[in-house]
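If you check TrEMBL, you get these features:
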type	residues	note
ACT_SITE	His101	active site, proton acceptor
BINDING	4-23, 83-86, 167-169, 193-195, Ala211	NAD(+) binding site
BINDING	Tyr48, Arg51	substrate binding site
BINDING	Cys109, Cys112, Cys128, Cys131	Zn(2+) binding site
DOMAIN	1-225	domain 'Deacetylase sirtuin-type'
Amino acid sequence: MLTGAGISAESGVPTFRDADGLWEGHRVEDVATPEAYDLKPTTVHRFYDARRAALLLVEPNQAHHALARLEESFGEQLLVVTQNIDDLHERAGSSRVLHMHGELNSALCRGCRQRSPWTSDLVDHPPCPRCGVSELRPDVVWFGEIPYEMERIHHALLRADLFVSIGTSGAVYPAAGFVQAAASYGARTLELNLQPSEGTDFFAEARHGPAGELVPAWVESLLSR
Ligand code: BV8
């Protein structure tokens, strides 16, 4: 299972595309690159501190809850790889979740390179809970950086017999290339998205509509077999 911003849209978390490529008024390259952080750390911190605080105002939706139900039945056979940095999959009850682009509720120390759970602001340069140095940055994967868990993801793609993509535009790599990899290893492929994604032609089947409707219906059809 691969998920993107579209699965959290109905929870009130803005997607990237529906803001005309602007993230809350910021150009992507101005807030989501290591270069931007070196140039304007306060702007970048404010951007992620605001998104972290906004997480407290939203709840998982029917699509998140349906995937948590699916995990109850499929257990180890199901893996959710998400591009999202929100915590809505886990708050809905999913535990088998890989955040390939990092998490808002985590901080990465540029001193000791360790990750620490973090739920408050970073703009005031608090000390790292592990090494005490004030070198904490948002624990998100910026453009030009290597995504997390690529080995586990490739292992799962190799073994998958069903690859389902939910709420993603297929515009950002390496995630956008997973459907072709899964298909080449013999998996059936299904896209569940509001509208055809940039990679829609790579999927054997596609259903278009809001995730809050499509995902529960698809999960029920799977569980009622
Ligand atoms: C890397 C964290 C090397 C930060 C993010 C040229 C060609 C190919 C690739 C590149 C290239 N130039 C540069 C690259 C690489 C670059 C890239 O892909 N650039 C793009 C722009 C061309 N990628 C990287 O830099 C990556 N690193 O490549 O390292 C490497 C490669 C392989 C192996 C090892 C090393 C790192 C990329 C990660 C960047 N960080 N996020 C943050 O969140 O602030 S990316 C961020 O943007 C998200 O995580 C996500 O990945 C992406 C947004 O995409 P979506 O989630 O799909 O959201 P979007 O708004 O676009 O679409 C929403 C979709 O939902 C739409 O289709 C819409 O129709 C649908 N929808 C809306 N509402 C609903 C809905 N669907 C259902 N229901 C609804 N209600």
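Any Cβ shown, glycine's included, is placed from N, Cα and C.
Just so you know, TrEMBL annotations are computer predictions that nobody has curated.
TrEMBL feature annotations superimposed on the structure.
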residue : record                       : contacts (Cβ under 8 Å, 6+ apart)
Gly4    : NAD(+) binding site          : Thr15, Thr82, Gln83, Asn84, Ser165, Ile166, Gly167, Thr168, Ser169, Ala175
Ser8    : NAD(+) binding site          : Thr15, Val58, Asn61, His64, Asn84, Asp86, Leu88, Gly167
His101  : active site, proton acceptor : Thr82, Gln83, Asn84, Ile85, Val140, Val141, Pro147, Tyr148
Cys109  : Zn(2+) binding site          : Arg115, Ser116, Cys128, Arg130, Cys131, Val133, Glu135, Leu136, Arg137
Cys112  : Zn(2+) binding site          : Cys128, Arg130, Cys131, Val133
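When secondary structure is read from DSSP and collapsed to three states, Cys109 (Zn(2+) binding site) falls in the strand class.
The shortest Cα-Cα distance between Tyr48 (substrate binding site) and any of the binding-site residues Gly12, Phe16, Leu194 is the one to Phe16. For ligand 1, the nearby recorded positions are Gln83, His101; that is, of Ser8, Gln83, His101, Cys109, these have a C-beta under 6 Å from one of its atoms. The Zn(2+) site is set by Cys109, Cys112, Cys128, Cys131; from the centre of their CB atoms, other residues of the chain with a CB within 8 Å are Arg110, Gly111, Arg113, Gln114, Ser116, Pro129, Arg130, Gly132, Val133, Glu135, Leu136. The binding-site residues considered are Phe16, Tyr48; of these, Phe16 has the fewest other C-beta atoms within 10 angstroms of its C-beta. Counting every protein chain shown, 11 other Cβ atoms lie within 10 Å of the Cβ of Gly12 (NAD(+) binding site). Arg51 (substrate binding site) is 23 Å away from Leu194 (NAD(+) binding site) when you measure Cα to Cα. Taken residue by residue with DSSP, Tyr48 (substrate binding site) is part of a helix.
Every protein chain considered, the tally of other Cβ atoms within 10 Å of the Cβ of Gly167 (NAD(+) binding site) stands at 27. If you take the Cα of Arg51 (substrate binding site) and the Cα of Phe16 (NAD(+) binding site), they are about 13 angstrom apart, rounded to a whole number. Mean pLDDT for the domain 'Deacetylase sirtuin-type' (1-225) in this predicted model: 95.
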